[in-house]
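Structure first, then comments.
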Amino acid sequence: MTDTKNTSPRSFFQIRLSAIEHPHRFRAPPFACRGMWKPTRLFTLSCNLRVLKHTRHLCQSRTLTQSMEGTKDQPDYSAWTNESLIARITDLERQLHSRTTEFTAPTENPAQQADSHAPIPSDGYEPAIPLHESAQNTKKRPHSPPEGDITKVPAPSRTLKTNTPPNVERAFDPSKYETRYIALKFAYLGQPYNGLEHTNGNMTPLPTVEEIIWKALRRTRLIFPQTTSDLEPTERERVPMRPYHLYWDGVEYSKAGRTDKGVSAFGQVIGLRVRSQRPKPKPLVEGEEDAMQVDSTTEKEWDDVADEISYPAVLNRVLPEDIRVLAWCPNPPPGFDARFSCRERRYRYFFTNPAFSPTPGSIGFENRAQNGNGPRSKFREGWLDIEAMREAAKHFEGVHDFRNFCKLDVKKQIENFERIIHHSDIEAVNPKTSPLGYVGKPGFQAKEDAIPEQDQVTPDTVSQNVPQVYSFNLHGSAFLWHQVRHMVSILFLVGQGLESPSIVAELLDPAKNPRKPTYFMADDAPLVLEDCIFPDIASGSRKDALNWVYAGDDVGNPKASAKGDAKFGLQGTVETLWKVWRQRKMDEILAGALVDLVISQGNQNVERKEAKTKGSSTKRANRGAKTWYGGNDCVVGGKYLPVDKKAKMETVEVQNAKGLKAKQRKLERDEAAKATQA
């Protein structure tokens, strides 16, 4: 305890102030924060100065109040003794506490009001109620006017003027609107989604693209299914592994392709009936037929595009950034079905060369001798033989049986595995034109008089000093389950020198290989459904014949123009997808810069081709084969086992028969369970 006898009145008054909580007073941080931050001496002095100024203000206010009440003499505290100062400060603290409690206590509870006037302890070192806390309490519990006091009128509130609960949607009558059948073309990045197709009752950890599209159509009130359920997805946060239900009855819904989990699409197409902006015809009244005929000549001609809803713009405003509606077709041909009218589907599978970081030193080379073909040129482990992959890819073109290049679904009992492949090739992606090569075109160049660069890419122009991007381009009439990923997997084995290009022709021969070998299929992320083609069958051409209206093309639509260009305007398709691209581009740049930094550090003998360590051949033999299937990682195992020597599955006929028997047993169990319940 501080010795008050040997303390001057001014020093003692400062000691008393240090015990009083103050709105400007510096408070020491909690015990858990001590050691992490320490106030400077200047900061502490500044806080104490604010305390003294506030105390002087309180004293002046007190003196002014006393003078107004009739007290003319102001006490001179400098002449007071220590005992008198202690008594005076204690009295002031008691009065301050009493007044604070009086204004913060609710008036409707007399018991609490009486307790608030109880005297505080007379100990001179007991601090008063903190001013900042009393101010907070005053805000939390404002002084209520007495009952019946009409002088206190509450402020008007919008919530008190209506009995309607907030966030209640207005009733929407679909019968007041016309509908029309259209086709929509949209794109999506597939990694965040559980594939395109949604199956009612199926529980998935991620939402499907179909679920997101359905919610957007319902939110914009473009579709009105006849069936509803409590299991429909809502705008609230999605609950994983919940059996959501989607209903398309009355919508005439169809889809062109069904991409698997993680697979993207740049040209997915669906057909459906949606709400139209076209006014409904007015009902005729007797005696007005002639007048209606005269008026019909003066009515404005309806334009199927300019006067219609801008469907891409409306849907893109509510869809996530990685799902974009690209175009819509206002007049599909009669009998159009997105699945059966689609005569060609085009896929691209992107990959890099090298496929993974090349193994440095002499141990990175292998003698890629093929079965019966003799030794081929040496490729360091990690690099792909693009020419060998092209040779193998050409075997896919034509009409072939792809039972050894798919996953069999015994529930569908498929017996025909023949498919038509129009085009199959490995092509280099020109870094000058993809991605975002449009910025080099005259309409986007930095300078008005800039000369466009040549955008042709040939094998001679492809640099071998930096990773090059390639794509496996595949055009076909239809595809089996996981067919493209199985085809790419075999091509990667050929590119790594583990298989000969002739392995493709051997697997396409069901007479020679009636049973599919058990090999890994390629990763899902690099696969893209690039486009769906709907040709005019009568013309004999394979070109798309649908009249697509792309985002931004409906410039004649006043409603679409009022909200900006749907393609290049604010929050348009290009601006939104640019943000999506740039975010991933920054990830690529940072990751690449980090790899370059690590390579540049430490011993540089490997870069100078001087890494000849003792026992390197032994290390290579003991490590095992490194096999790549299109993903970020490789499969490391023992000695590679060729495809023709791998374990083989049962024939298609045997698998279908087993699947049919299993289905019959399930039906019998279900019937027995129903009979037991009855």
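Quick reminder: no glycine exception, Cβ is built from N, Cα and C everywhere.
Automatic, uncurated: that is what TrEMBL annotation is.
Between the stretches 277-299, 599-621, TrEMBL puts its region 'Disordered' entry on 277-299. Of the listed segments 195-216, 327-348, 349-370, 657-678, TrEMBL assigns region 'Disordered' to 657-678. Per-residue confidence over the domain 'Pseudouridine synthase I TruA alpha/beta' (392-535) averages 89 (mean pLDDT, predicted model).
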